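Feature list (source: Swiss-Prot):
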REGION    1-29  region 'Disordered'
COMPBIAS  1-11  compositional bias 'Polar residues'
BINDING   87, 88, 89, 90, 91, 92, 93, 94  ATP binding site
């Protein structure tokens, strides 16, 4: 659901944190992603955009517009509409969509996709779109369960003669004693629960809970009374549970409609060898039928009416939406009007261009329907369009300063100014990409701070798109002069 691939070190803007080799192997160096510094839209209490807040710099009008859309989403008045972010490359369209998802919270599903993802040789384009639509719709299920919870003080399996095999024995039942702060209770459980206990590797001293209805067993951790037993142990110690052993517990589960589709489309097989081999051999990607989705929708509606579940519309972000064709746009029109639909955010960097899938064949080949942003007008009418503007020089400087802080680089003021000039002359993305190579060059020279010399050297080693185009043009002219065209 939503997406949080970065650790807390990078999100707080303190740079990558390298753990000592003596610490746990689970600790890893924090990965700095492209939008690690974005934590929200950076709006004040009255909805106006701050100059620089929550990792966002500039784009005040676009941020304020997204703030209004955010209020509409929270009030559930954005159904049947879509938000279109239109602007040049590197103007913060993806960052705006990510900021909206973070403002909504991690419990609201956020499903990003690119327009070219719909083209597959195995699945229809409309099926890929519907899958992503269902991924962006969450279902919060509240269920009251009867559970037995406590620390295991006794675990005794009772064996009995197996009438089907000669001298073999089988588990008849298992006796478990659970202890809490209030008291102890002894349980006599089914042998199938003993199999679950063996799979979880549960032993005396572990804190577990058993669901009374389903018989599911979950290991919570090791009792903290055993914390002094071993000096080196990768174990999670938990306190002794309070209250009675047998209690009622409210469990909240967050799933998406796509999870329900997959669970019903691919049910788990049996324990026989053919079922196991069938699960190992991955087949072709299959489509979920409309009939199955309709049945799931009916069950979901029933749960919502009974108050068991709550529908959580998430955000579907389609980047490079101009890559979709006419069939996909027609399908989007219908999907936006359906009763169960997420909030859709589209992004494109195209102006007037041809709608994909409308090219004519024959004498007029290469021509088709030209529309703003490469989107048909009937879908464009449903969109609230937000324009992103190119960054000014001061804003580029602030973004570079912020990224240097997040990535843990020390940079001199004159070097930052030189990098800002590169961002103005080429692009902000190219200037950001020069940060890490410049840092490595500075460390190679024995400096902890990036200087203007490192920026110049990195700029000579790596060229931007405009310089690359000029080099290719000059090479092309030289080749044309050196090798004349042959004439018959």
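Numbering starts at 1 and runs along the chain as it is shown here.
Including glycine, each Cβ sits where the backbone N, Cα and C put it.
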**Fill in**
For residue 89 (ATP binding site), the same-chain residues 6+ apart in sequence with C-beta under 8 angstroms from its C-beta are 349, 427, 429
**Prompt:** If you draw a 10 Å sphere on the Cβ of residue 93 (ATP binding site), how many other Cβ atoms land inside?
**Reply:** 26
**For the binding-site residues 91, 94, the one whose C-beta sees the most other C-beta atoms within 10 angstroms** = 91
**Asked** Quick one: which residues besides 87, 88, 89, 90, 91, 92, 93, 94 have a Cβ within 8 Å of the ATP site's Cβ centroid, in sequence order?
**Response** 85, 349, 388
**Message:** A 10 Å Cβ contact count, applied to the binding-site residues 88, 90, 92: which residue has the minimum?
**Reply:** 88
